[in-house]
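Visitor: The annotation substrate binding site is assigned in TrEMBL to SER134, ALA135, VAL136, ASN137, PRO138, VAL139, LEU140, ARG141. According to TrEMBL, the feature D-threo-isocitrate binding site maps to ARG147, ARG550. Under the heading Mg(2+) binding site, TrEMBL lists ASP352, ASP551, ASP555. The site 'Critical for catalysis' annotation in TrEMBL covers LYS257, TYR422.
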Amino acid sequence: MSTEQPTIIYTLTDEAPLLATSAFLPIVRTFTAPAGIKVETADISVAGRILGQFPECLSEEQRVADTLTELGKLTLKPQANIIKLPNISASVAQLKDAIKELQGKGYKIPDYPEAPKTDEEKDIRTRYNKCTGSAVNPVLREGNSDRRAPKAVKEYARKNPHSMADWSQASRSHVSHMHAGDFYHGEKSITLDRAREVKMELIAKSGKTIVLKPKVALLDREIIDSMFMSKKALVEFYEKEIEDAHNTGVMFSLHVKATMMKVSHPIVFGHCVKIFYKEAFEKHAKLFEELGVNVNNGMVDLYNKIGTLPQSKQDEIKRDLHACHEGRPELAMVDSAKGITNFHSPNDIIVDASMPAAIRNGGKMWGADGRLKDVKAVMPESTFARIYQEIINFCKWHGAFDPKTMGTVPNVGLMAQQAEEYGSHDKTFEIAEDGVANITDLSTGEVLLSQNVEAGDIWRMCQVKDAAIRDWVKLAVTRARNSGMPVVFWLDAYRPHEAQMITKVKMYLHEHDTAGLDIQIMSQVRAMRYTLERVVRGLDTISATGNILRDYLTDLFPIMELGTSAKMLSIVPLMAGGGMYETGAGGSAPKHVQQLVEENHLRWDSLGEFLALAVSLEDLGIKTGNTQAKILAQTLDGATGKLLDNNKNPSPKTGQLDNRGSQFYLAMYWAQELAAQTEDTALAARFAPLAKQLTTNEQAIVAELQAVQGKAVDIGGYYQPDLAKLDIVMRPSKTLNATLAAFTA
Ligand SMILES: NC(=O)C1=CN([C@@H]2O[C@H](COP(=O)(O)OP(=O)(O)OC[C@H]3O[C@@H](n4cnc5c(N)ncnc54)[C@H](OP(=O)(O)O)[C@@H]3O)[C@@H](O)[C@H]2O)C=CC1
Ligand SMILES: O=C(O)CCC(=O)C(=O)O
Ligand SMILES: [Mg+2]
């Protein structure tokens, strides 16, 4: 038994999860304190991360620690027990908004340098770049991923099915992806024969050698890939698909993951915008260059930059942009009421969330007129786009899934140690000149992988470490054994990277007793088909996938099965022995903040947080020998079950029970469960008065929580809300606050 006080690290993040945590944390502490468990916080919000980059610009009181780096180090220790809430993976536009907000609050941090020239500006830009895109998850995910719908949650969804729009066999919705010239087609992959140090360089046709990445240290038996996307092929593909959508009268939408693929996907996105508005971009090319317009950051960047021009010039540009819509297909909207299209910002439509939403809507997205319409879903990279076409085909034939009867698809995802594409952004480059792109051994000069590339192509190297793969296979076998479900490894033997993976998976499966287990390997399209054939028959199938499909499938299936990925249990067994517990599988729901600020109603569902806390406590109990932690875990699970049975989830409608009400019910049921358990009578006695008080005051507390709704509130900031104001807004029940305070006193 450890002598240190058992500690859970609770992350403070952004947007809806931060709002919810500010109310939930006092409840958590109330319950964990009697068991001697410490709950510490770690601020990894985008605002906190920005401030952490510029200590020299801040006063002593303003300075914050580099919490993310510290937390990253903790994940490498066996005692790590971290509750990780979803955080913003910021686009450049969001970053700039956050900088502005912080400057307005008196933090003297520099402006974001649009076109850095001096060394100082370049340094600032480098520091800010550390805060964009998916900057948190890859640092903390030092383990593979186990995401699933717990039994109670699945049962709840079966009894209370969410709405699913009908699918028509006449639906014209489809996925369009490249058939040549994308990363899939040009990929080369090897497994290393020993540890090596390599460089990435371009031997240009002009004779120049451009070193793009001077050194990458690789481990023995690591798999590395070299792949590129041809700009020419991409541009041709967009031209063809835009024209096809126009000719056939189907709405056009573009789905990327510009947060995690923070270097490649903004470029992929930008080309599409430039082709869609080709004539306007050609006409104003010089001016846009002078203004530093970069539509890789979305049309929002263009509109911001032209805002400095005389009104007549702005009007002319806008007229030219609007004129482009003539002869172009209708564009899918992000917010039709506000006129925000799919091209507004590359982060507005994030494929893992956007495609499931469209499939749940019968294959439709919103048009400018506020109506749902069939859509051409453009995902240039073919590697994973095909799974969506497969599920669309399935829905067209079988109709929408039925949450009452459908099976479940848990996921075991390879994500440790920045695996695969999601860890590649520091090794992704837009090629400046035609030439040969080589990955070369630094000490021997041997060229390990080589590609012929052209100016504008996107070239990248991905890595996945042997230890991560071995751990992933073990996790898949363990999950198969514990659940009794078959496992399918979604691996495509025709893709060079995955051919290497298949060899390793087969090898590592031999390390385990797989007798009686059903473990298969199938290409993604076949795996999707096989899984769906089982899903409609009510059968369950574990998907064991690489990092991208982990992300895609853990939104896709939960959204079909449960209506949201918020209700997922997301465990990351850290390879060093600790545990990280993510809360759900989705994001930070910016729309929910807007509703809170305008109407004081928070629809965010903290169920994922309740589930995460229970496994965190359970793990802490086992590892530290704290039996009360185990009881807290069991009773919390019981409370979550009651919450579901009694339907005390937050409602999306203002005036009804919201996140705060749902949290109150969790606290009440948890106290009741603790008071009722007989394993630890002292603990039962300790919680009995709390259970009694919360139960007696149920009506009063719910009424107090309800009474505040319907009016606008001030939380003192978006990226860095004022914690005191947040406390007032998120904890409006005097009775509840007083009861918790009296218990702790
Ligand atoms: N683990 C992480 O850190 C992740 C972070 N992100 C980040 O989150 C931000 C938003 O991403 P986006 O793609 O819009 O996806 P989100 O998952 O945040 O939002 C999509 C929709 O899902 C629903 N939803 C998601 N979680 C919950 C919840 N707990 N309770 C209720 N509803 C929920 C909401 O639908 P409705 O409004 O209809 O109720 C929401 O509008 C981005 O900055 C992104 O990078 C995204 C994924 C994971
Ligand atoms: O880190 C991010 O930006 C998003 C992560 C994500 O979508 C996921 O892991 O499901
Ligand atoms: Mg995701």
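Cβ coordinates come from backbone N, Cα and C, glycine included.
TrEMBL entries are annotated by machine, without manual review.
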Visitor: If you measure from the CA of SER134 (substrate binding site) out to 10 Å, which binding-site residues from the list ARG147, ASP352, ARG550, ASP551, ASP555 are inside that radius?
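Guide: So the list is empty; none.
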Visitor: Going by C-alpha distance, which of the recorded positions LYS257, TYR422, ARG550, ASP551, ASP555 is nearest to VAL139 (substrate binding site)?
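Guide: Going through LYS257, TYR422, ARG550, ASP551, ASP555 one by one, the closest to VAL139 (substrate binding site) is TYR422.
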Visitor: Which of the recorded positions ALA135, ASN137, ARG141, ARG147, LYS257 has its Cα closest in space to the Cα of ASP555 (Mg(2+) binding site)?
Guide: ARG147
Visitor: Based on DSSP, name the secondary structure state of ARG147 (D-threo-isocitrate binding site): helix, strand or coil.
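Guide: DSSP assigns ARG147 (D-threo-isocitrate binding site) to strand.
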Visitor: Taking 8 Å from the centroid of the Cβ atoms of ASP352, ASP551, ASP555 as the cut-off, which other residues in that chain fall inside it around the Mg(2+) site?
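Guide: In sequence order, the nearby non-listed residues are LYS257, ILE350, VAL351, ALA353, PRO356, ARG550, TYR552, LEU553, THR554, LEU556, SER565, ALA585, GLY586.
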Visitor: Could you state the whole-number distance in Å separating the C-alpha atoms of PRO138 (substrate binding site) and LYS257 (site 'Critical for catalysis')?
Guide: 15
Visitor: In whole Å, how far does the CA atom of ASN137 (substrate binding site) lie from that of ASP352 (Mg(2+) binding site)?
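Guide: Checking the Cα atoms of ASN137 (substrate binding site) and ASP352 (Mg(2+) binding site) gives a distance of 15 Å.
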Visitor: Would you identify which of the recorded positions ARG141, ARG147, LYS257, ARG550 has the most other C-beta atoms lying within 10 angstroms of its C-beta?
Guide: LYS257
Visitor: Check the Cα-Cα distances from VAL136 (substrate binding site) to the recorded positions ARG147, ASP352, TYR422, ARG550, ASP551 and tell me which is shortest.
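Guide: So, of the listed recorded positions, the one sitting closest to VAL136 (substrate binding site) is TYR422.
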